[in-house]
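Trainee: Here it is, the structure, as structure tokens.
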Amino acid sequence: MSAVLELTIPTVTSPSHTQLSCNGTYLAVPHGKGEVGVWSLQDLGFRQLDLVAHKKAVTATSFGFHSQPTLLCTAAEDYIIVWNIEEARHMYEKGQQIRGQIIGQVLGYVQHVSFSPDDALVAACIGSEILILDSQVERLHSTLEGHNSIVTSAEFCPHHKSTIVSISEDRTFKVWDLENSSLIYQSTIISAFPFLSMSHDPTKESFAVGTSDGQVRIYDLSDGSGFRQLHQVDIGKTISKWKTAKEDNRPREEKGPVTVSSRPTWQKPPSQDPVAQDSLTCGDSEASAAVIGLHYCRKLRPRQDAMKHTAPNFLGQDSSLVDNLLDVAPVLIVGTTNALVFINAHTFETTSLLDFEDYIPSMVKDGPSQCNIPLAGSFAFAQGADKQQVWCLVGSLFQKSVDVLRLTVPAPEGLVHELESLSLSSQSVDDGASGEGGTAEISVLSSTPLAENSPLRSELVPRSKETSSGRQKQRGHLVTKPKGQGGDQPLTFKSKIKSSGYTQAPRMKMFTPSTRPTKGSLTSRAKPTGGDRPGVREFPMESGPPISLQKKLEAAERPTPINSITFSDDGTYLACGLANKSALVLKMPGLTKPHSITGHNAAVTSVNWSKEGRWLLTASDDKTASVWTTGQSEPILTFSSTNHNFAVDKDDGKLAAKENRAFPHPVRHAQFYYMDKFILLTCGSAISMFKYHLDPTKDDIKRYQPKSRYKLVKTFTMEKTQHITALSAVNGFYSYIVLCAGSNKSMEVFDMNVARSIRTIPDAHTRPVHAFCQNKGSPFVSHPSSAYDLFLTSALTDGIKLWDLRTNRCVRRYEGHLNRAYPCGLTMSPCARFIATGAEDKSAYIYDVRESGPLHKLTGHTDVVSDVAFHPHTPQLVTSSVDGKLHSYVENR
């Protein structure tokens with residue numbers, strides 16, 4: 001982003017409290033007493049068109065939305081006049097007197113004026129009222145009253161021409177319906193500071209409000225939204241962080257002599273008092289925080305030729321993902337006293353900042369080549385014919401001048417071009433993103449072969465009996481064992497003891513052949529045992545969101561919080577992790593045949609299925625993790641120590657010693673990884689990757705001695721964090737990438753192929769991330785390869801963010817659900833079109849990935865919705881709550 005000073009317009013008085021106007025073709029500035037000058041932006045050096053009709057100072061100007069004709073409204077205490085600019089220019093060229101249409105006389109001091117989208121009406125803010133005037137004749141359409149203080153702005157909604165939003169110094173906003181002559185919504189007192197500025201988003205039904213304390217609040221204006229607040233940005237903190245980073249990047253100057261003083265603070269001169277300097281800095285930043293100007297730039301789409309040649313395949317019309325996720329997002333420009341802040345309207349993250357203290361190029365005649373902008377008191381913004389340029393009028397706070405700035409937005413290539421030109425030198429061999437050399441793009445799908453020393457090559461192979469007996473002979477032990485003799489068996493040395501039959505009645509019928517098999521037997525014989533298998537059924541990609549309640553179920557006899565729920569990959573089972581030290585497995589469809597799994601000594605924090613749905617992995621606060629099989633009440637394998645569960649380490653030949661200690665912290669997350677080859681556990685700030693071997697057979701004599709084994713492959717540690725708060729990895733296909741988040745608000749990406757961290761994203765959220773959700777799809781749906789690089793994160797009070805793994809930035813933000821204290825889960829549908837999340841208002845929310853606001857709100861829960869899960873091959877959503885209840889939702893047909 002670059003800025004150039006094109007023109008400086010002198011005025012009679014300070015324009016700090018005057019509404020300036022610009023529409024991309026013309027700009028209007030009250031530069032004389034009762035005079036308004038109109039300049040053409042195509043040639044600012046040409047003489048302006050002076051509109052003279054007012055006898056008192058003009059306080060507000062506004063252009064209409066249409067270009068033919070171009071209307072300009074000027075307001076003063078004596079008149080409110082609407083001018084036709086093309087007609088005025090024609091009359092000026094003929095030497096005739098320029099006349100405008102008076103639509104109001106002696107109405108009072110006008111703070112703000114604005115046109116309706118069709119230029120038929122004009123809203124004039126006078127005192128605590130809004131007067132709606134006809135733009136063609138002098139006629140009062142209606143009067144809107146109800147504010148308790150001065151109305152600072154009133155703007156028509158660009159999506160509904162009869163809807164108008166007003167803000168006031170009484171710290172409230174109101175939504176009016178002119179067609180029905182009614183008040184739609186009246187907010188409560190939102191802030192302790194007055195509302196100063198407002199702007200509507202032209203791409204969606206929302207608007208932004210700026211206050212004098214530096215806060216920008218975005219509200220939803222769509223039907224049924226309740227006019228909820230979508231997001232809040234602290235501009236003061238943003239400017240402070242930006243300036244701090246700027247100072248840190250500035251080269252340090254050599255320090256001169258240092259004066260060490262023993263005098264008390266009150267006797268030190270101001271130059272030696274760091275407290276006084278800090279207070280000065282804080283005062284400056286506080287004074288510059290007032291938001292006095294807001295403007296939404298229209299959405300800039302990538303060039304068609306760039307889309308045609310450089311776009312990846314999944315950006316086509318047949319893609320299962322939404323194209324505009326990768327488009328250039330609209331930009332919200334925030335004007336403060338000494339800076340312009342540019343915010344991404346999809347993610348609400350600051351993209352750039354223009355500090356008025358910095359020198360910018362100047363095109364003013366007879367002026368310096370570079371200059372800085374004085375403190376601002378008013379703003380006006382507009383986009384011209386070139387969508388990459390934004391015109392900005394800055395009215396000086398103390399000086400009698402208006403500066404015209406031309407802001408150039410970078411070429412709108414979007415995320416597609418960013419992915420093409422992204423330099424991944426920081427993710428080269430030094431960072432471990434490549435296997436054999438060169439630069440490789442970070443992707444969830446494995447694109448390089450396994451490295452020679454990759455930990456993913458490790459495997460735990462069970463020892464055969466011949467190998468073990470051979471080793472015993474080599475060590476000098478003589479093993480005598482008759483051939484054909486069984487192992488450890490019951491006293492009969494057989495696996496089973498057949499009954500003698502003395503207690504049974506004699507069998508009368510010996511044998512009956514089945515000559516005519518029934519139709520039912522043939523059907524049951526031909527029926528597959530695995531349920532719905534991949535390839536047999538596909539997920540309906542065009543299905544709607546599941547919003548119709550199908551069934552309610554209680555997971556336990558007493559209210560018990562459900563911490564986690566997840567479906568098996570084939571959709572046959574649903575597993576629930578409960579706070580009563582147990583897990584629950586339910587059969588699908590219908591959530592029937594509940595099977596309880598007990599064995600932990602504390603709450604079960606996470607549950608995870610293996611790829612084939614044969615094994616269930618549970619993690620608990622009792623510092624253990626266990627692998628279970630459906631139908632059994634005892635775990636096949638329990639992870640309780642940090643290294644292995646061997647009595648003797650067969651690789652090192654050492655007894656289990658102090659190095660093989662129990663887990664020092666609760667195991668918060670556990671999951672299968674790399675097509676069930678490994679298991680990942682998180683404990684404290686470490687991720688442990690284990691290789692394992694499962695043996696479900698039981699010895700009748702040594703029944704309580706497990707035959708399953710595990711051994712540590714490698715431990716990965718997140719730096720500068722106390723504990724890991726979230727973990728995610730793909731198990732449905734081979735992937736080297738593991739995502740984790742820590743208590744220090746950062747996210748880290750590990751490449752297991754090279755066993756190192758390859759990317760760190762600091763301050764991913766304002767609070768630590770408590771939930772991950774990767775776009776894993778399901779066995780019943782197919783996505784392009786690049787689509788799997790999208791993943792979601794959630795944090796308390798900071799909403800949901802959608803990220804692309806190939807870049808370091810957020811793609812979109814989703815807000816509108818209540819999540820302030822309890823870590824509610826989230827999930828993405830198999831078709832990657834919907835996002836579901838729990839909330840603390842006893843509801844679950846469904847988002848469309850294209851929109852930042854909620855699509856549906858699922859009510860009916862009786863407590864906080866703790867977790868959500870989509871069915872792999874059916875448009876079905878299951879939600880769990882803290883009071884131990886499950887709700888099943890299906891598509892509304």
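For all residues, glycine too, the Cβ spot is worked out from N, Cα and C.
Because TrEMBL annotations are produced automatically, they should be read as predictions rather than curated entries.
Remember, it's a predicted structure, so these values are computed and weren't measured experimentally.
Among the features that TrEMBL reports, repeat 'WD' is placed at 144-186, 597-638, 858-893. According to TrEMBL, the region 'Disordered' annotation covers 243-279, 446-546. According to TrEMBL, the compositional bias 'Basic and acidic residues' annotation covers 244-256. For 259-270, 512-526, the entry in TrEMBL reads compositional bias 'Polar residues'.
Help me see these features in their spatial surroundings.
Mentor: Looking only at the repeat 'WD' (144-186), the predicted model's pLDDT averages out at 95.
Within the same chain, residues 561, 563-570, 572-573, 575-585, 645, 662-672, 675-676, 679, 681, 683, 692, 694-696, 706, 708-710, 731-732 sit at least 6 positions outside the repeat 'WD' (597-638) and bring their C-beta atoms closer than 8 Å to a C-beta of that stretch.
Only residues 6 or more beyond the boundaries of the repeat 'WD' (858-893), in the same chain, are considered here, and those with a CB under 8 A from a CB of the stretch are 532, 537-540, 543-556, 558-571, 574, 576, 578, 586, 588-589, 591, 778-781, 822, 824-830, 834, 836-840, 842-846.
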Trainee: Per DSSP, what is the residue tally for the repeat 'WD' (144-186) in helix, strand and coil?
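Mentor: With helix first, then strand, then coil, the repeat 'WD' (144-186) has 0 helix, 24 strand, 19 coil.
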